[in-house]
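Enquirer: Pasting in a structure now, in structure tokens, and then I'll have a few things to ask.
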Amino acid sequence: MIGILKKVFDVNQRQIKRMQKTVEQIDALESSIKPLTDEQLKGKTLEFKERLTKGETVDDLLPEAFAVVREAATRVLGMRPYGVQLMGGIALHEGNISEMKTGEGKTLTSTLPVYLNALTGKGVHVVTVNEYLAQRDANEMGQLHEFLGLTVGINLNSMSREEKQEAYAADITYSTNNELGFDYLRDNMVLYKEQCVQRPLHFAIIDEVDSILVDEARTPLIISGQAQKSTELYMFANAFVRTLENEKDYSFDVKTKNVMLTEDGITKAEKAFHIENLFDLKHVALLHHINQALRAHVVMHRDTDYVVQEGEIVIVDQFTGRLMKGRRYSEGLHQAIEAKEGVEIQNESMTLATITFQNYFRMYEKLSGMTGTAKTEEEEFRNIYNMNVIVIPTNKPIIRDDRADLIFKSMKGKFNAVVEDIVNRHKQGQPVLVGTVAIETSELISKMLTRKGVRHNILNAKNHAREADIIAEAGMKGAVTIATNMAGRGTDIKLGDDIKNIGLAVIGTERHESRRIDNQLRGRAGRQGDPGVTQFYLSMEDELMRRFGSDNMKAMMDRLGMDDSQPIESKMVSRAVESAQKRVEGNNYDARKQLLQYDDVLRQQREVIYKQRQEVMESENLRGIIEGMMKSTVERAVALHTQEEIEEDWNIKGLVDYLNTNLLQEGDVKEEELRRLAPEEMSEPIIAKLIERYNDKEKLMPEEQMREFEKVVVFRVVDTKWTEHIDAMDHLREGIHLRAYGQIDPLREYQMEGFAMFESMIASIEEEISRYIMKAEIEQNLERQEVVQGEAVHPSSDGEEAKKKPVVKGDQVGRNDLCKCGSGKKYKNCCGIGK
């Protein structure tokens, strides 16, 4: 084990040594860069760009470009990057992750590779976790880049399309990860290429890279729209589920919250709905509705998981107990609960476009990131993103005191000890940061401190703007700050001058299931060589301890007669906790890896569709593409109607009927003509007739209008079929894990069936486009329209408004319907005369 660790450490050391040589080259250039005037320094940017056009690479320019940025940062920001920051910049430029401890100046470090890569003119994206940090960094570091003659843009959710286009056209764009992903999806839903906002994805530097690529990796970005589905099935499924009995008709696993029909339940369903086989492909929707109705009745409880308020179902947040108005369960569960509670069933939302951060960021030509804690997830970064983690040494040695965990018998004893420790440190004037896993824990400690008369601030992820002020005060004498884990990342706690020799105390009230989050909390203290102390308080009732068998330890504490106020301080327990954390991290990594394998199936399909859409948008003339689609459609139709071996069994009449209905006009192709030909010869005369009809259609209108008509048809069909396909893939994914019970690999099945569904969708697209082109009447006022309005949805944000408005059509009145004027006559005999 020690050998392996040494080996790993040596690899990092070798990288550091190699980068140290480049740092020495940069230092050597300082004497020639320092005497330059501001204008001469700015002129270097143009010089670098010219050298790139003459064949030099960004790697060749690195030492000189870094020296220029260092000098500019000293003049503009009053900050001169240290040698270790130059190393961090080199690691980022090489497409790796720089692990730099809190307070080591990651934001300034990023300016070096950002400047160097922006010289190519292809655009650099600097990615942050929230808009407050994006604006702060764009404003502060933007001064430096603008001084050197580069343009800086900021991409916010509230911006118009034109503002976004301007932000992305800049050399450097600051943005949140959510907004980048949503813009990519929206760009692949637009109907005119002028509406796209992003350029090809060149280079991204992700701040807090572990938060975005690990913690949020499993959360998909979704653009959803209203599905045009009937609510009747929800009512029927609800009525049926009410007749079922627990254990007999369905089984429920309390641990996993998994509920499923038994054999008896399946038989009951087949009888109730008068069908032979519930698992037949044509009953996929019915099975989905029954499963969701079961979940609504068995798993979801009123006033625990949701409340009924003003005739609506409102979700209750399991972590905070707060109501989450406007949020809805997906995949029809919300509608199933509405049916259960007898309130109005609202339309199910339908996924129009979706992507995970894993797949979005893997599309960049080059990707890098920085964080204080990445080494524990090194395997994941290397395997999934092809990025190595390089631990950058600190500028000054760390002198922080990390103490062994204190373990108490009960939660009550633990919290009493935590509060006592805070009170004692507060009296000495030492600033204290208390880290909690959940918001309710922070509120409990807050109440206990209020009773003791200790003034304190609470920091959680609700207010990013206020966050900066609270963090700024957190290092002052006697300050007490309670923070949930992720809150305050990206902002430094700077110590007040009067307590520089004491340092910050960090108290953890519980171990998180990830070592990385614990390390982030520890890293808040002892920044830039300051003193500091960190201490974790645990109890046998903590979730991590409960999950990994602390019963023996609790029994031992009872036998020893230890009460609530006596902690155990044991390296053995700390090691046990750490191995439990490693197990959880391993499970989480496996889950993310599996998610990626499933998501890759949809990714490959998405890339094909988006690439074709792009080609259609940029193409001036689609006629060649459409003729190819018609040829495929005809060949499939011929093969389908002539697949029997005996000629007499061929359905030539069916083929002629199909062609007349979908592609040609009556009499264009005659049955007796086709009977004289072999199957492989039939397609040719049919296609020749199709092209003749296509030419006739061309003569009826100006060429420009015909070309636009083709685009309108292609977009309408492709977008409709693709959204239906995503929905179908969702349903397939939901039920695929059941195949494992039949000793079949669910992933392999998903890949095979997903591919078959995709092939079928392509055939359906080709057929429908051919039919519309040949049979549709062409309107004079042609306009490309969206199939359905999309809205950006990300489970970790409060939902983001879509930029587009739906096209609303007026109600159509049939000629034989009653006239809307109220005369009682039919429309054709009243207001519709002559229409």
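One is the number of the first residue shown, and numbering goes on along the chain from there.
Any Cβ shown, glycine's included, is placed from N, Cα and C.
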Enquirer: Region 'Disordered' per Swiss-Prot: which of the ranges 508-527, 788-807 is that?
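Expert: Matching range for region 'Disordered': 788-807.
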Enquirer: Say we define neighbours as other CB atoms within 10 Å of the CB. Which of the binding-site residues Glu104, Asp492 has the fewest?
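Expert: Least crowded of the binding-site residues Glu104, Asp492, by Cβ count within 10 Å, is Asp492.
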Enquirer: Going by DSSP, is Asp492 (ATP binding site) sitting in a helix, a strand, or coil?
Expert: coil
Enquirer: Look at each of the binding-site residues, Gly103, Gly105, and point out the one with the fewest other Cβ atoms around it within 10 Å.
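Expert: Each of the binding-site residues Gly103, Gly105 was scored by Cβ atoms within 10 Å; lowest is Gly105.
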Enquirer: Once the DSSP letters are reduced so that anything not helix or strand counts as coil, what is Thr107 (ATP binding site)?
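Expert: In three-state terms, Thr107 (ATP binding site) counts as helix.
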Enquirer: Write out, in the order they occur in the sequence, the residues of the chain not among Gln85, Gly103, Glu104, Gly105, Lys106, Thr107, Asp492 that have a C-beta within 8 Å of the mean position of the C-beta atoms of the recorded ATP site.
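Expert: Here the non-site neighbours turn out to be Met100, Thr102, Leu108, Thr109.
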Enquirer: Near Thr107 (ATP binding site), which residues of its own chain have a C-beta under 8 A away, given they sit six or more steps off in sequence?
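Expert: Same-chain residues close to Thr107 (ATP binding site) (Cβ under 8 Å, separated by 6 or more) are Asp137, Glu140, Met141, Asp207.
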Enquirer: Which residues does Lys106 (ATP binding site) neighbour through Cβ under 8 Å, counting only same-chain ones at least six apart?
Expert: Gly88, Ser98, Met100, Asp207, Met370, Thr371, Gly372
Enquirer: For the ATP binding residues given in the record (Gln85, Gly103, Glu104, Gly105, Lys106, Thr107, Asp492), what is the largest pairwise C-alpha separation in angstrom?
Expert: 16
Enquirer: Report, as a single number, how many Cβ atoms besides its own are within 10 Å of the Cβ of Gln85 (ATP binding site).
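Expert: The answer is 27.
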